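Single-structure report; data block below.
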Amino acid sequence: MRLLKYPLDIHNEQVNALAALGPYIILAGSGGHVMAWRQQQLVDTAFDRVMIKDLKPEVSFQVDQDTTGDIFFITGDLETLYIGSEHRLWGYSGWLCRDTNNINSVEKMNSKLLFECKSPSTITDVKYDINLGILFVLLSNENKILLFRHKTFDKLSEITIDKASKPITGIIDPTGQTFTVMTSDRSILVYQINKTGTHKLINKLTQHVQMYPLHYRISMSPQADILPVINSVKGVPNNATSCTALLDRNNNYKVTKTLVTPSSNGCRVLVYSPAFYEKPNLKKGTSTRYNLIATSGSTDGTILVWNTKRMKPLFNALQVSSTAINDMSWSQDGFTLFAISNDATLYTFAFQEKDLGVALPQTEIKSLQEVNKKLPKLEEPLAEQIPKSFPENIKLEESASAAPIPNDIGRSAVGKKPTKKKTANNQTNGIKTIQSTSMEFNTPSYTVPRDLKRKPKEATPSNIAPGSKKQKKELQPIDFLDTGLLLPNTSFSRIRLATPKIRSTFKYSPINNPNLILDVKNGSGNEQRPTIVKLTSKVLDQDQVLFQDFIPKLITICTAGDTFWSFCSEDGSIYIYSDSGRKLMAPLVLGVSISFLEACGTYLLCLTSIGELYCWNIEQKKLAFPTNTIYPLLNPSLRYSDDILTRAENITLCSITKKGVPLVTLSNGDGYLFDKNMETWLLVSDGWWAYGSQYWDTTNTTGLSSSKANTDSFNGSESNINEIVSDIKNDNQSIINFLECKTNDELNRKGRIKNLQRFARTILMKEGFENMEEIVTLSHLENKILISIRLEEPEEFSKLMMVYCIRLSELGYMDRLNDVFQWLYDDLPISGTGSAFADKDFKRNLLKKILIACGDIRQVQRVTTRYAKEMNIIS
């Protein structure tokens with residue numbers, strides 16, 4: 001080992017941070033002075049291969065800043081260099097020339113002030129996760145962590161910490177799964193992070209850590225299994241001393257080993273070598289694998305290098321500096337340690353293989369990372385899950401009813417916790433800010449008449465076993481006057497849905513016209529201070545009031561159709577206005593609170609808290625179909641029990657199409673539509689088809705955007721079934737695809753989507769299930785065809801029918817294929833459908849295309865030839 005102690009040629013400055021990036025070591029001084037040295041040149045100087053007088057920095061420049069401040073943070077990669085003080089953060093892109101591996105001049109670098117905070121808020125740490133491409137900025141006083149996207153520097157999200165604690169330093173996970181924060185209240189917070197900035201607190205460790213308002217440098221092991229905790233004071237009497245604990249992430253963060261030395265008291269810098277070492281024992285024919293850790297205290301200038309297998313210092317540079325060590329960093333190969341002291345002296349510890357051991361290849365480290373415990377996939381926030389382009393004929397409103405509603409079937413006891421819903425995204429100074437409105441729900445009523453409570457069967461002398469102990473007589477409850485009033489329509493209802501809580505103020509803007517804003521300011525719910533409802537139009541940043549009304553009630557939900565606006569009150573009254581503010585009809589009084597209120601086109605859909613479903617045609621001012629209920633959707637037979645109250649599935653979506661078809665999805669993934677002709681609910685999307693159907697698209701989720709669908713008319717000569725299936729899957733206007741997307745979301749949320757292939761392989765090997773896949777596939781296609789008829793989608797119906805007939809032909813289902821051909825050949829129009837299906841030539845033209853597509857399938861030519869002759873396709 002060789003040590004190079006090199007005092008930097010800077011006057012009256014300190015160097016607080018360094019970083020090993022590529023072949024360079026970057027230093028940042030207190031006056032905004034940045035220097036870059038070649039690592040190999042420093043190592044060669046340590047081994048006397050280069051004269052020390054020839055040693056000089058590769059480049060040196062001054063950080064562009066209005067007021068000079070100390071630089072404490074430096075991080076980045078080979079593309080962008082991030083340099084930060086306690087109030088500002090700069091980015092230097094293009095600092096390294098990829099072709100020559102040389103540092104560009106300052107003139108060729110693109111510098112930009114990325115972030116700035118004002119006193120009393122300060123930046124306590126800046127970390128960059130190269131795997132996720134996320135930059136973490138820790139802020140004190142505001143007590144939060146900002147997450148920015150690398151390169152674009154868009155704000156992804158922020159992590160808010162309790163007001164009583166401040167984030168001191170962060171620790172990056174080499175695998176990009178977690179981000180650990182050490183706070184001023186001696187707690188350690190472990191967050192799960194993904195590339196979109198979604199985060200979740202997965203652990204709050206009890207391993208207390210004593211942190212001071214200093215700038216700490218801490219890193220994890222390269223295999224990402226050990227989390228170091230410096231200055232741990234858990235279980236130490238009177239806090240007389242502290243130690244450095246190594247926690248095993250795969251064993252619920254339990255302490256595996258401990259470093260205890262005088263210099264570890266008040267540890268400030270702890271950096272793992274990025275290499276994983278192996279030392280063979282030639283006598284025994286074995287080898288030992290271990291990590292190396294470099295540590296330094298906050299006051300003395302001692303540097304220790306630890307072997308994690310022996311837990312004893314492998315190397316001890318006792319008081320190598322008369323001042324404290326500010327920062328340390330290992331080279332990528334793990335054989336050089338760089339350190340900077342408070343007196344601006346650069347230390348280069350150049351080791352050899354005989355000193356440290358053999359560094360294993362990176363592939364070995366990757367394999368060790370794969371052994372670590374895998375975290376479940378993070379669920380994206382609701383606002384992130386809403387697709388950018390909704391189906392044209394279905395509109396999900398940004399109102400309370402778009403959030404999952406807890407519901408109780410027959411008898412329900414509790415409601416779901418309040419959910420928060422993100423709404424609009426705005427761009428300000430290049431940073432995307434998210435405005436959110438909190439939507440909370442009142443739990444469903446669980447009051448029942450006293451006489452309906454089931455009582456246990458009383459014991460009589462005839463049914464008491466001889467010798468059994470006599471039961472103690474229970475005390476009878478005392479009845480009081482002025483007990484709570486029971487509402488009969490709620491207390492006797494078989495369904496109880498949660499209702500939105502009252503918000504003091506909220507705004508609503510329809511998706512198809514964001515310039516119109518309905519502003520609701522709730523009053524006290526009486527004549528003394530009525531609610532103000534105002535519709536404004538934003539044109540060229542000018543607000544114009546279209547209409548205003550005063551309602552002596554509290555408003556909960558609002559929505560809008562093509563030519564009308566509607567909102568409902570807490571007591572179940574619905575108000576409907578035109579765009580100019582004219583009331584289209586008198587208030588509709590339902591007498592019970594409303595859980596969902598949705599509009600699309602000329603239709604208004606309402607779902608009450610007791611499960612009643614109303615659908616009005618506002619243009620014709622009448623019910624689209626008789627009042628119905630959602631009770632059959634909630635599996636009443638499966639939910640029955642002896643208790644009065646039981647839980648049911650949550651309603652995650654309740655909406656309506658432009659043609660007046662109600663749609664409902666549940667938290668189990670099932671999707672339904674209401675058939676007004678049959679006056680019953682139809683199953684549209686079932687999670688079972690995801691397990692067995694070959695035409696179920698598991699990648700169709702709201703977190704992914706499909707390519708633009710081909711909306712041109714279908715060409716019957718196109719016989720490639722794969723192209724047709726791809727065209728169907730990529731149709732963003734398809735309601736069926738949208739409901740199947742919701743099913744995939746629920747399967748992902750419950751972690752079932754990853755078991756689909758395993759389930760399919762297992763079940764198909766069992767006796768009697770060999771043809772299960774083709775049967776489920778045909779069942780899935782048949783259901784989609786029938787639903788497309790009810791939704792009056794002739795384009796989608798034609799494509800699905802083409803795929804279905806080709807599939808029947810390939811599988812040899814001749815009788816079923818003949819049945820389909822006969823149905824298409826008949827002159828009878830498809831019942832209960834619109835003008836497109838009513839055309840008498842519609843089915844005949846479709847049959848011609850199918851016959852041409854199936855004509856080259858030999859095993860069904862006997863069927864296709866007969867119909868082709870009847871239709872004069874062949875002679």
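Numbering starts at 1 and runs along the chain as it is shown here.
Just so you know, glycine gets a Cβ as well, placed from its N, Cα and C.
Looking up Ser389, Ser412, Ser445, Ser713 in Swiss-Prot shows the phosphoserine annotation sitting on Ser713. Within its own chain, the repeat 'WD 1' (10-47) has Cβ neighbours under 8 Å at 2-4, 55, 57-63, 65, 68-78, 81, 83, 85, 96, 101, 103, 215, 326-332, 336, 338-340, 342-344, 346, 348, 350, counting only residues six or more beyond its boundaries.
Across all of the repeat 'WD 1' (10-47), the predicted model scores a mean pLDDT of 88. Residue counts for the repeat 'WD 2' (118-158) under DSSP, helix first, then strand, then coil, are 0 helix, 23 strand, 18 coil.
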